[in-house]
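Below is one structure, written out as structure tokens; the observations come after it.
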């Protein structure tokens, strides 16, 4: 939004943190640099502090006299219950400012109490009860204040139809009603009977003179009486330096505004005092009843606390009125008003235990918020009221003020903050900081603007028909040929859609993402490749869409480091000889190898050989790494020695090697889940005993004899099998010869027979 501000005044309205740079030489050449921005941004772009326009809201205390501690005595006319008394605000739109208000209810403060009584017929027993009210009430109130005055007035209703009987006095003096109510007087709206006085006997005398009256409908005209008692200050005798109490005693509901139309009264109440020479309300039959809003306004303007003393059945109705009329309380009155004194004392104590702020004449374009700090010291945002206070307690309120806009130049406004029922008030005057100081230095027909414009706050305001940063061009020059000079190619947007064509050249827009530049605004410093959301990985600069990497980095987004130091192991190898270094990290190529430098590889062919050197130097202080410093630097794996080596672990590799004294050393090599290498080795190598020479000789001779016997046995077995086969063949041949001779009748020779 700040980029849309075409003047210093427009900039100030956008946001309270916006500042305008009025410096003459500001921004880059051929860049539409916004002079409206945050102060720190303007400073980064070269704007000097004394050229920045950024007014802020301020508060000035004009009058602040200390709070008083006591209300009566020689200083009673100078009692101060609110501090400060006058302040001045200088507001910039949207820039909130605040001030503190303290309020104290002083002790022994003067009290004026005006007793306003309903004298309709239903209040006859109440009138009898209060005939000696003045003396008793004064005695009780003097326990609370040494300066007390009492006054008295009465009311019934408008003396006109349909509110009252109009055939007076005949109906009361001659008719049946006189027989029923011989002590009645004609109806009246409001009658002031006794001005405020410290002679309480006068109150008793006036009350004893009074007689009840009678109206026709149930509602009474009490609101007419309340308004007259509030605005007729001279007649009633309200003191400016006193606490004002108005006690309204009735046993029925009141007439409200617009009820007067029933009697033809269409004129709204004007809120003024209308008392004739007889101290009676003369406008009763001329104007409508007052509204609740008018009643509340006049009571507050005259610092009057209204106490509704009503019967129990009316409590809810009048309680609702208290929500609409500030500074009003309601108490339950007995049917015959016998509790009126205690009621007034209770209401007075209740009123004095509270402090509530009200705002008068608040300008429409001002927003006020309150934070109360009561006796517990805890801030209560949104509240302008404290309760449960003791007389003499001090409470404070923080008031925040915010201007929503700028009125007409030179406008000054004011409003008033005052506690309900107090004469004391805080007057607040307001002026607006919507103008820039640099405007006062405007130069007409300035040479900065080619002598055809005004130079103000660092910019030119050209005369009609001229344009450009220095009013150097005429509007008629903006033809198609003129615009074509601002296109990179035919059919493309003017200045790539990222600038304005002025005077045959592109002036690029500013962007919240970075700088736009180039002959046709085709370049910027924020459209390059990113890595993990960081432009050029933070290791390069973006130039016209391409990353220019810093030294030591390569790649499209400069995320690849050329440094190999992180790939070198302690023994000087690159990636332990099991991989290659790419972008500063090892990429292991040996199957099974892992680790930052590929140093871990349980399954590699040389794993046992590598770990053997650590076993030798750590356990036996021998081998190539026997030097203690070298051993400790290169061999950091954990080595566990055991009596018997377990080889059933599938994750462990069994390694064996032959020592110098022809013994066998065994150990296992494994990797834990935490990445540590663990070597488990025998405490001592396994070495066998040398064989006995005789044993070897006997073993050799015995082996030879055993082989000879086995060979003879095999030869004997073969001969036996052969002889048996030959004998069987002979027997078979002889049997065939004998058979042939018998068949031919020849007798075998004797020699053959025996054979």
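Using the three backbone atoms N, Cα and C, a Cβ is placed for every residue, glycine included.
Heads up, TrEMBL stuff is auto-annotated, nobody curated it.
Transmembrane segment is the annotation TrEMBL gives to one range among 670-692, 693-715, and that range is 693-715. Check TrEMBL against the ranges 47-74, 75-102 and you find region 'Disordered' recorded for 47-74.
A distance of 6 Å separates the Cα atom of residue 655 (disulfide bond) from that of residue 608 (disulfide bond). Less than 8 angstroms from the CB of residue 406 (disulfide bond) sit 13, 93, 432, 434, each of them six or more residues away in the same chain. For residue 523 (disulfide bond), other Cβ atoms within 10 Å of its Cβ number 19. It is 583, among the disulfide-bonded residues 501, 508, 583, 617, 631, whose Cβ has the fewest other Cβ atoms within 10 Å in the structure shown. Taking the Cα atom of each, residue 528 (disulfide bond) and residue 617 (disulfide bond) are about 54 angstrom apart.
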